[in-house]
Amino acid sequence: MKVLVLNCGSSSVKYQVFDMKDEKVLAKGLAERIGLDGSRIVYQRGVESKKVFEIPLPTHKKAIEEIFRLLVDKNDGILSSLNEIDAVGHRVVHGGDKFIESVLVNDEVYNTFKGILDLAPLHNPYNLQGVDACLELMPGVPQVLVFDTSFHQTMPEEAYIYALPYEWYEKYKIRRYGFHGTSHYYVSRRVAELIGRPVEELKIISCHLGNGASITAIKNGKSIDTSMGYTPLEGLVMGTRCGDIDPAIPILLMEKENLSPKQIDEILNKKSGILGISGVSSDFRDVGEAAEKGNKRAELALKVFAYRVKKYIGAYHAILGGLDVLVFTAGVGERGPLERSLICSGLEHLGIKLDPEKNKVKGEELKISTPDSKVEVWVIPTNEELMIARETVRVVGKK
């Protein structure tokens, strides 16, 4: 069975084609700068070198058409025709409480999803454009929606209800949803596989640390709490997002700086976090280099980031009633020895001890805790695309 996985962003489309017989990636790449000058498609067949094609891409549909053309190209392609694609899996950011698991697209699902686009206005509309393009270009091929939020639908009420007037929850469905669910789901299953224990027996804290970052408490294989909230703005300090702050601060700043709701939203989402504190960059590598050169604000930014993660680890250790495994994943989690060290330093009383030598690992699966560490600490590169492909196979198999 061959599965195409699509992840449509505001100006990009990431794609991968899997042969699910052995979960091998046949081709992958990225269409970027959609609707802008300098648009292009990066294409890689198997493990061959990447090729870059400069192509005008005015719309997401055009980008997907060009991706399909490359997939069946007689020189570069991997398919004799698009009919070889058995199903398409779409990454969708927000399913609200309407979708508690991955679903096959039909008229009812399509219309329900269309009704919750405003839950993630920067993401869901573009996810839908990907679905629309595939329905038009590949009629009859099953389309599956895989939601970032669905893994967290197992949270208990006390974890997801905000202390606001309850009628706001009833009227607007304002509650914690959480994100990066596909990543947290994948690494929790993968680490259980690597240590040879059923995931249902483990207490896991999963740290997805990238430009966007979240942390999840996983008990008996299920998410019981997560740091992101109604939107991806809540929780950890991120590349450009503030994470947890006193809710009165935006109101105060709107008055003092004469800012509109849109302007304050822009500041909290795109000008805060590591970038806001350091004044250097939203890229942790740049901030790390600046800190090494003595930039005090860059150093402070990394300390604030690590401190917040550490607080969440402590909180989740408490609600889990102990901890078996701590997992680091995503860009910083996988490739940030400094950040991992800052986070784990001082957590020895919780049974977390890093091996300094093993902690130098970047981008590989490895247990980085010491032999006498009560908690196993792992680096697990995330693979959301593979998880989406697996979910697609599972859902289509139910049909």
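Cβ atoms here come from the backbone N, Cα and C positions, even for glycine.
Residues annotated as active site, proton donor/acceptor in Swiss-Prot: Asp148. Sequence-distant neighbours of Asp148 (active site, proton donor/acceptor) (same chain, 6+ residues apart, CB-CB distance under 8 A): Arg91, Val92, Val93, His94, Gly95, Phe179, His180, Gly181, Thr182.
The Mg(2+) binding site annotation in Swiss-Prot covers Asn7, Glu384. The 10 Å shell around the Cβ of Glu384 (Mg(2+) binding site) contains 25 further Cβ atoms across the protein chains shown. The secondary structure of Glu384 (Mg(2+) binding site), as reduced to three states from DSSP, is helical.
Marked as ATP binding site by Swiss-Prot: Lys14, His208, Leu209, Gly210, Asn211, Gly212, Asp283, Phe284, Arg285. Taking the Cβ of Leu209 (ATP binding site) as reference, residues of its chain lying under 8 Å away and at least six apart in sequence are, in sequence order, Leu236, Val309, Phe328, Thr329, Ala330, Gly331, Val332, Gly333, Gly336, Glu339.
Annotation source Swiss-Prot lists substrate binding site at Arg91, citing sequence analysis. Within 10 Å of the Cβ of Arg91 (substrate binding site) there are 22 other Cβ atoms, across all protein chains. Secondary structure from DSSP puts Arg91 (substrate binding site) in a beta strand.
Around His180 (site 'Transition state stabilizer'), taking its Cβ as the centre, 31 other Cβ atoms fall within 10 Å, counting all chains. When secondary structure is read from DSSP and collapsed to three states, His180 (site 'Transition state stabilizer') falls in the coil class. Annotated site 'Transition state stabilizer' per Swiss-Prot: His180 (among others), in sequence order, evidence recorded as sequence analysis.
Positions annotated as site 'Transition state stabilizer' by Swiss-Prot: Arg241 (among others). Taken residue by residue with DSSP, Arg241 (site 'Transition state stabilizer') is part of neither helix nor strand, so it is coil. Residues within less than 8 Å, Cβ to Cβ, of Arg241 (site 'Transition state stabilizer') and separated from it by at least 6 positions along the same chain comprise Gly212, Pro232, Leu233, Leu268, Asn269, Lys270, Ser272, Gly273.
The number of other CB atoms found within 10 A of the CB of Asn7 (Mg(2+) binding site), across every protein chain shown, is 23.
Among the residues the record lists as binding ATP, namely Lys14, His208, Leu209, Gly210, Asn211, Gly212, Asp283, Phe284, Arg285, the two farthest apart have Cα atoms separated by 23 Å. Each of the binding-site residues Lys14, Arg285 was scored by other CB atoms within 10 A of its CB, and the lowest score goes to Arg285. On its own chain, Asp283 (ATP binding site) has Asn211, Gly239 as residues at least 6 apart in sequence with a Cβ closer than 8 Å to its own Cβ. The two recorded residues Asn7 (Mg(2+) binding site) and Lys14 (ATP binding site) have their Cα atoms spaced 5 Å from each other. Arg285 (ATP binding site) is 23 Å away from Glu384 (Mg(2+) binding site) when you measure Cα to Cα. The DSSP secondary structure for Arg285 (ATP binding site) is helix.
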